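Pulled from TrEMBL:
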{"type": "REGION", "residues": "1-22", "note": "region 'Disordered'"}
{"type": "COMPBIAS", "residues": "1-10", "note": "compositional bias 'Basic and acidic residues'"}
{"type": "REGION", "residues": "128-188", "note": "region 'Disordered'"}
{"type": "COMPBIAS", "residues": "150-165", "note": "compositional bias 'Basic and acidic residues'"}
{"type": "COMPBIAS", "residues": "166-184", "note": "compositional bias 'Low complexity'"}
{"type": "REGION", "residues": "239-312", "note": "region 'Disordered'"}
{"type": "COMPBIAS", "residues": "239-255", "note": "compositional bias 'Acidic residues'"}
{"type": "COMPBIAS", "residues": "256-290", "note": "compositional bias 'Basic and acidic residues'"}
{"type": "COMPBIAS", "residues": "295-311", "note": "compositional bias 'Gly residues'"}
{"type": "DOMAIN", "residues": "356-467", "note": "domain 'Programmed cell death protein 2 C-terminal'"}
Amino acid sequence: MSIVDEEPKQPQEQVEEDEEPDEIQWNLGFVEEPEKPLLLLRHRFPSKVGGRPAWLDPVRLPSRDMLTCKASGKPLDFLLQVYAPVDANPEEGFHRALFLFISPEGSRLKEPGAVRLFRCQIPRHNAFYSSDPPRDKDKYPNPLPASDADASRERDPWRAVDAERPASATSSGGSASTSSPSASAKRKGKGKAGAAAAAAAANGSAAEGGSAAAAAAPLPREGVQGPGGLYPELELVVEPEEDYMDEWEEEDEEEEKSRAADGGKDAGKAGKKADGEAGDAKDEPEDGKAAEAGAGAGTGTGGADKGGARGGVEAEVRRALQEYRRRVATEGELNDEELPPDVLEALEANAAPEQRCFVDFQARVSWAPEQVIRYCFQDGAQPLWPAPHCRPKPGDIPPCSRCGAARKPEFQVLPQLLHYLHLDEEDPASPDWSTLVAYTCSASCSLPPAEAEASQCAYTEEVVWVQPPATE
């Protein structure tokens, strides 16, 4: 489910958040064109953006109702998936993935149910994948039995089970696993029992023919880009944020050394220049000095009114903000000690909350500007909010509906991802957001086998908090 503030235009108090512990370690997600698209198939357990979902459990999929936008009533668009096993449930969640979907009507993302998140996890020993890592020669997932493939097609609006098969298998109409039962029945057929077996085999062949026809049918959304179709398929590559922080620190040290070296040279030049100017000044008349000082005093007195004083403060604030932004862009996040106290006071007194919040956001993101995902499942991790509006207040994020454990933020989607979706800015259906924050069960609980069997669904819905753009 997605949750937003029902009236984002109304002013609201900024939510005070607990300070994030120092030991929190974030991972950053970057998108890349896949060198080998086959590596994004489900048996490789990918993290990716766009294309068709690479379902972890390819049979017990979310229902059509679960994959429908509650705001528009239209089928959801697949945005991304993150492969993310965690320590909270290592046995039943040996393989674990999160799937994020958004409404095809991008202007309605702020409405409840327009952004939906599903979690799936399965043990190491399961019906779909080997307990060992896939080998280089395993280009495609193992084909599903005909009945499972049909069940997958029935629920999956993207028909990923057919899209993941090689073209030769699709054109030939089935795999070895789907033809072996009928062949076995024919070999065993003798007498009346043989006739019954032959009839069953014929029915099986007819069913397989129907499955083959369904598999060979044109894939849905094929050739349709953007909202209502498919977003560009990109690999999500995850790297530790601290690697980029270390790079910034190393660059800062080098710049400091360079500035110190340049400062020594400049000081020498300035000393020689000062000596020359001092010699020239000896030849100037004392009256010239007096006249210059008088002119300066007159200028200061003439500007000493309230308007001039206020203009001076505003100019100083603008200058300080420009300097702050310049240093954030080149040096990364700044400590309070690095700006003069009077400038800090002026900034805090005059800068709008949105401005201060966005500066903090930009300062943190500037370590790795191309990041599109921030991921951390540690307790105490706090999302990085681009704006102060529409943040969850205590009690806004419900506990897990299945086990009752508290939900916590696991990952967030940054607005930078929008750039890589190749959206039409003039299209009102194009999505937009400040950030999307995924909250999941802190215990990463598993579906009870009986419930999974009854619902034929191995996917649990979690919560997404939508922070819309500040202009909405």
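Cβ atoms here come from the backbone N, Cα and C positions, even for glycine.
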Rounded mean pLDDT for the residues that make up the domain 'Programmed cell death protein 2 C-terminal' (356-467): 94
Secondary structure content of the domain 'Programmed cell death protein 2 C-terminal' (356-467), with strand meaning DSSP E or B: 21 helix, 25 strand, 66 coil
Residues of the compositional bias 'Basic and acidic residues' (150-165) by DSSP state, where helix covers H, G and I: 10 helix, 0 strand, 6 coil
